[in-house]
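K.L.:
Okay, handing you the structure first.
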Amino acid sequence: YLCYSLYITFKKGASQTVIGLIFGCYAACNFIGSLIMGKYIVQIGAKFMLVMGLFVSSGCTILFGLLNRVPAGPVFITLCFVVRSIDALGFAAAMTSSFAMTAKIFPNNVATVLGSLEIFTGLGLILGPPVGGWFYQSFGYEVPFMLLGCFLLIMVPVNIYILPKIDSAPSKDSFFRLLTKAKIVLICYVIFTQSAGLGLLDASLSLFAMERFTLSSGYVGLIMLGLSLPYCLASPLIGYFTDKYPSTRSWFMVIGGVTTAIGFSMLGPVPFLHIPSNLWLLIIMLGVIGFSLGMTAIPTFPEIITCAKEQGYEEGLSSLGMVSGLFGAVWSMGMFYGPIVGGLITQHLSFESAAAVQGGLALLGVSISLCSVHMRKGHMKLSFAGILALRSGQYDNIVKMLWYLLFSSQC
């Protein structure tokens, strides 16, 4: 994540829309890679997948540092697309295998361990922009990419030596069967809204801060501390609490979604409030979004694992790989949507409008999370497979169920 967040502060000879497309292309390849890696994690091998993912990602980071020697314009942009697409596949391999291995090794403390690991995710997101900005201002474009790429490359032999080898039999289950459970689909939408918000901030926040507050790239990196630090601190606490009290996971997602909506609405702030933009307000709202991201994102992965077990999935590496791949794929969908749609709205309207749209998506996610809580209590048994199985004469019942789902006072 240190290498990932490094890209946020570097934009050369590209419009806001093209920058959004570059980030979106990374997410699209990550989406495809997550599904493939999650499905064939047993055949490939979890340890081999992680090590090769690190190797590919380190090489792409070094190559990206050499792109400074390419003239700005179409050639530079094309090479950015190519390098970032390959990097996305390496990143998908590393993240899919690491999530699956974590759930396999610590089956009773998934949220706690993931929350603890997110400390280092947060540190990577925290240090990437300021360290990258400082190295860029002091030594030029190439040094930060070369340094971090080589550091990541060193991690390859370290992980070969340290990581255990996990053997497992392949499963005949599929991603489609996971998505036949309505609750998993609802959780996936919540994951999508959170990653879309991060994608918007990755692609548009730095340019907005530079233009509105006339800040340098180094100071923009410091602003990103407001987002990453609260997430870094909140994740292990939320992970521990939700492991100890699993019934609170859905409510954490609901409260986190409301907080996220408020944070994005006040980030600009939204145009109709007629509140002037202030740097201190921007930093505070980034902190609110970072904390709410921990509340919402940490419970989702163990909750999908619980739902998969309820679906009859085996407690093996193959099933965990599919859950991990699904999580990564949905997260990538949001990272694809956020930069592209957010970049278009920012370019043709304003960043404030893009943030307002993202706040609306988060509110919709809250409604879906409330439905998930409602279904957990057993008041509603709705599955996509059941709807598909209904005969043609039962469409009136479908309408009634959806009406109840959307407008019931209990929801």
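For all residues, glycine too, the Cβ spot is worked out from N, Cα and C.
Feature list, courtesy of TrEMBL:
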DOMAIN    1-377  domain 'Major facilitator superfamily (MFS) profile'
TRANSMEM  14-36  transmembrane segment
TRANSMEM  48-67  transmembrane segment
TRANSMEM  73-94  transmembrane segment
TRANSMEM  106-127  transmembrane segment
TRANSMEM  139-163  transmembrane segment
TRANSMEM  184-207  transmembrane segment
TRANSMEM  219-239  transmembrane segment
TRANSMEM  251-273  transmembrane segment
TRANSMEM  279-298  transmembrane segment
TRANSMEM  319-341  transmembrane segment
TRANSMEM  353-373  transmembrane segment
K.L.:
Out of 139-163, 184-207, 319-341, what stretch is closest in contact terms to the transmembrane segment (279-298), meaning most Cβ pairs under 8 angstroms?
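P.N.:
The stretch with the most close Cβ contacts to the transmembrane segment (279-298) is 184-207.
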K.L.:
Counting Cβ pairs closer than 8 Å, which of 48-67, 73-94, 139-163, 219-239, 319-341 has the most of them with the transmembrane segment (106-127)?
P.N.:
219-239
K.L.:
Taking the transmembrane segment (139-163) as the first stretch and the transmembrane segment (251-273) as the second, find out whether 3 or more Cβ pairs fall under 8 Å, excluding pairs closer than 6 in sequence.
P.N.:
no
K.L.:
What is the average pLDDT across the domain 'Major facilitator superfamily (MFS) profile' (1-377)?
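P.N.:
Mean pLDDT across the domain 'Major facilitator superfamily (MFS) profile' (1-377) comes out at 80.
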K.L.:
May I ask for the residues of the chain that lie six or more residues beyond the transmembrane segment (251-273) and have a Cβ under 8 Å from a Cβ within it?
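P.N.:
For the transmembrane segment (251-273), the sequence-distant neighbours (Cβ-Cβ under 8 Å, at least 6 residues beyond its ends) are 187, 190, 193-194, 197, 238, 242, 281-282, 285-286, 288-289, 291-300, 350-353, 355-356, 358-360, 362-363, 365-366, 369-370, 372-373.
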